[in-house]
């Protein structure tokens, strides 16, 4: 099991990034909550990792801190929640907001995440509440001050939202509603998700 990787970011395009470690490039899938903390390409970063091995693929997931990774591991243990949905949850609502929803049994907010129906939301609360009540974190992602290395932040943001399960029309409508094309892709995604999932 690979516990963490320290290396240089070669490229990043949510939800994927390429990390070079000792001359080897690792393709890593990460939630948007992690992307909010990433430096620019060619800078060094430490990512906590979780490797999932299947017959057709070995997928390496990366996280900004151990709290995010523990939450991801708790999510994939829930009946009906696989890695893709777990990633969508962390991307769509953020680790701290998810914990808040679970502890307060806010089913209505959870079902606004793409791929999460009412039954899944109820299982998330039932199966993770006790564990999450024992966890505490002060790590709150913030998109402020982050820059995108891509020259097409709007298109990148729309593509990232589609990768999370939103329809093309929904993604474009959410990005267009922000009306700030000069923002980075990460910030556009964050604001769009806040609008679609949290309703603010």
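Cβ coordinates are placed from backbone N, Cα and C, and glycine is handled just like the others.
The region 'Domain I' annotation in Swiss-Prot covers 1-64 and rests on sequence analysis. What Swiss-Prot records for 65-143 is region 'Domain II'. The region 'Flexible linker' annotation in Swiss-Prot covers 144-148. Taken from Swiss-Prot, the feature region 'Domain III' applies to 149-200, supported by sequence analysis.
DSSP assignment over the region 'Domain II' (65-143) gives 50 helix, 0 strand, 29 coil. Mean pLDDT across the region 'Domain II' (65-143) comes to 84 in this model.
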